[in-house]
């Protein structure tokens, strides 16, 4: 079975393309089932975040095109559009790619920790769908171990830097002191929680949290002395916001140009800084055309993010060394799996010969034969039966002059010398 990783990320595809290829969490189990049934993949997992959509598959050699074609058809994408931004990683490269992603080495913000939780979620969805088998199961467990090792043994995780942090950093550049500002947070997931934490740490004046699930909004708002509102009441409160950060799982925009225009009129056109971290986007792109709106999406944050890379470069080099070692360790395990069916077949054959020889010995004992004689004959017969086929095959190899096969036989039987 061949390992295959393929997909798009923030480096290869714009947010406009990435939002076409995302998978809503509630659709992942059915999508995984469909992927396996239609493409012929034996194992599969899907990682879908704001910055990347990646598929990890175990499939037969030659099935690569089928699984990629499934992804294209599932989202109804034009072949040329997908081809321009799609990357593929087979086998050894697939393992390396997943380990790098889990360790934060392939993230927009180098070393960010949120991706590991997202990979664990992808693994859980695969388990739920029944598409995680022996190989992918082992790969994901190994990935979790390596990501933890990278965090423990390097400084890759020092200084809390993330897309949320980049958004707050940009807000500070625009407003300077945040004490007199009100931040309006849309959503209540991990990214919004991080943004709230960074805003609170940087002294933001007020925090409002809007979410479909009001209980989650209350839980988040209470942590930072803010207040919560249902998402449906967002238009009523938007005029209070100096800063808007949005990250929901909505498949359609939830904040349109008309709503923002009304909020600006109420604010007497005092500017609003908006960051749309969601993919698909929560805020209609046309909102950015308004004169008093400063709208940024995840791609726009790249410049801010780049400034934070320098402190983690040395740690990233250390992490790459750890990953190099662990890729080889995992591939050694994969290679041993090719021998498992052979080992099972050989042991099964040997066990059958053992049973037959043992049954024959028991009959002779029941007939009153001398036990020592029976044991001697049992050992003799079992040795002959076990060695009959290997001996015949070795003679045949010798007759054909197959030196490589004969050398392999020496290794298999652990014979480091023989007499001519």
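Glycine residues also receive a Cβ, built from the backbone N, Cα and C atoms like all the rest.
According to Swiss-Prot:
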type     : residues                                : note
ACT_SITE : 50                                      : active site, nucleophile
BINDING  : 49, 50, 51, 52, 107, 112, 113, 114, 118 : substrate binding site
BINDING  : 187, 188, 189, 190, 191, 192            : NADP(+) binding site
SITE     : 97                                      : site 'Important for activity'
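Projection of Swiss-Prot feature records onto the structure.
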residue	record	contacts (Cβ under 8 Å, 6+ apart)
49	substrate binding site	115, 118, 279
50	active site, nucleophile	18, 163, 191, 247, 277, 278, 279, 298
51	substrate binding site	9, 10, 18, 107, 108, 163, 279, 298
97	site 'Important for activity'	5, 89, 106
113	substrate binding site	104, 151, 157, 162
187	NADP(+) binding site	210, 211, 246, 247, 248, 249, 278, 282
188	NADP(+) binding site	209, 211, 213, 216, 217, 219, 220
190	NADP(+) binding site	114, 117
192	NADP(+) binding site	164, 185, 186, 209, 220, 245, 247
**Asked** For residue 189 (NADP(+) binding site), what residues in its own chain, 6 or more apart in sequence, show a Cβ-Cβ distance under 8 Å?
**Response** 247, 248, 249
**Asked** Can you check what DSSP calls residue 187 (NADP(+) binding site), collapsed to helix, strand or coil?
**Response** coil
**Complete:** For residue 191 (NADP(+) binding site), the number of neighbouring Cβ atoms whose distance to its own Cβ is within 10 Å equals 24
**Fill in**
Across the binding-site residues (107, 118), the Cβ with the fewest other Cβ atoms inside 10 Å is that of 118
**Item:** Maximal Cα-Cα distance (Å) across residues annotated as binding substrate, namely 49, 50, 51, 52, 107, 112, 113, 114, 118
**Value:** 15
**Asked** By the DSSP assignment reduced to helix, strand and coil, which category contains residue 50 (active site, nucleophile)?
**Response** coil
**Fill in**
For NADP(+), residues beyond 187, 188, 189, 190, 191, 192 with C-beta within 8 angstroms of the site's Cβ centre include exactly 185, 193, 194, 195, 220, 247, 248
**Complete:** Around the recorded substrate site (49, 50, 51, 52, 107, 112, 113, 114, 118), other residues with Cβ within 8 Å of the Cβ centre, ordered by sequence, are 108, 115, 163
